[in-house]
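What TrEMBL records for this protein:
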- 2-354: domain 'Acyltransferase 3' (DOMAIN)
- 43-62: transmembrane segment (TRANSMEM)
- 83-101: transmembrane segment (TRANSMEM)
- 121-145: transmembrane segment (TRANSMEM)
- 152-174: transmembrane segment (TRANSMEM)
- 180-210: transmembrane segment (TRANSMEM)
- 222-239: transmembrane segment (TRANSMEM)
- 267-283: transmembrane segment (TRANSMEM)
- 304-323: transmembrane segment (TRANSMEM)
- 335-354: transmembrane segment (TRANSMEM)
């Protein structure tokens, strides 16, 4: 939800985006922007922090079965289903984006007339051919982060590569933690291009390790609450003065063999905060109960669908409703409020349908493929004579 709200906020309220990513010029905030720029309200639209939390959660959830059963087949099954699980919903969302663009529903060409952030007009500039749906949907987005038809899908590449590398390294070195960490760091440095982006991949490893730490966290509720509190502070990190205390701390510079984290302190603190936040949630019985209640579970069920469809809906429904409201005589802030209501309803409603018709079937197909792969491997293993 934070990513969905964040991207809307950055489009219609550029000042809020400048809290997280400095711009070379000053943006005068409105009264509304000053109000919602007070932490922890900023967490509601901190898209970058939400992505970091997502990566840590992925590493934790994807390896839970392995750490419970200590069986390699659990990792093999997870790896076998990963591309289908991520790729098919991504493809469907790109197809949806192409339909909206081809039909003329995408309204980014009129962004300057509406008064939104200047960079929005660069979205969906095109032209896009129908073959681009298959190129970007099946390979471009999941393998190469090519996301012109759906810019948010750059994370799918990180999710796919990060999870596969995690499965492989744990399979090889699951009982040798030092080698596991060293080899994973080696590949994280490669895929992160020796930049602070290595933290995207390290988040998966950290999430997996939290499975080992969970029993201790369960026994130490105070430690879990402290971790959660510190995590909230770190994931809220932005350019505001209250975070100067973190900016005073020296950050590692591993050049020339690794990243200089001073190049992206936001990502570093968001990653640290995400690890602490997830540790606090899985360790605290009270917080786990809240996360396990009906509304969070429902939102979690449709969260991936929300993520993959929200940008094309923002570029169509969000912008068009704002333009229509202004044409009807509403002021900018009023048109934005109306656009947000329409956008949120369209995204949540669309996500419910997308989850039912695309995401859930993708999960079932991925599970069938994983089960079939497991049966084939079992038969092959049985066909090998003991002396071979």
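Just so you know, the numbers here start at 1 and follow the chain as drawn.
For all residues, glycine too, the Cβ spot is worked out from N, Cα and C.
Where the annotation comes from TrEMBL, it is an automatic prediction and has not been curated.
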Worksheet, complete the sentence: The average per-residue pLDDT within the domain 'Acyltransferase 3' (2-354) comes out at 95
Worksheet item: Do any residues of this chain, six or more beyond the ends of the transmembrane segment (222-239), have a C-beta under 8 angstroms from a C-beta of it, and if so which?
Response: 18-20, 22, 39-40, 42-43, 46, 49, 52-53, 216, 246, 265-266, 269-270, 272-281, 283-284, 287
Worksheet, complete the sentence: Outside the transmembrane segment (152-174), at least 6 residues beyond either end, the same-chain residues with a Cβ under 8 Å of its Cβ set are 3, 7, 51, 54-55, 58-59, 62-63, 66, 70, 72, 75-76, 78-79, 82-83, 86-87, 90, 93-94, 141-145, 180, 183-184, 187-188, 191, 200-201, 203-205, 208, 307-308, 310-311
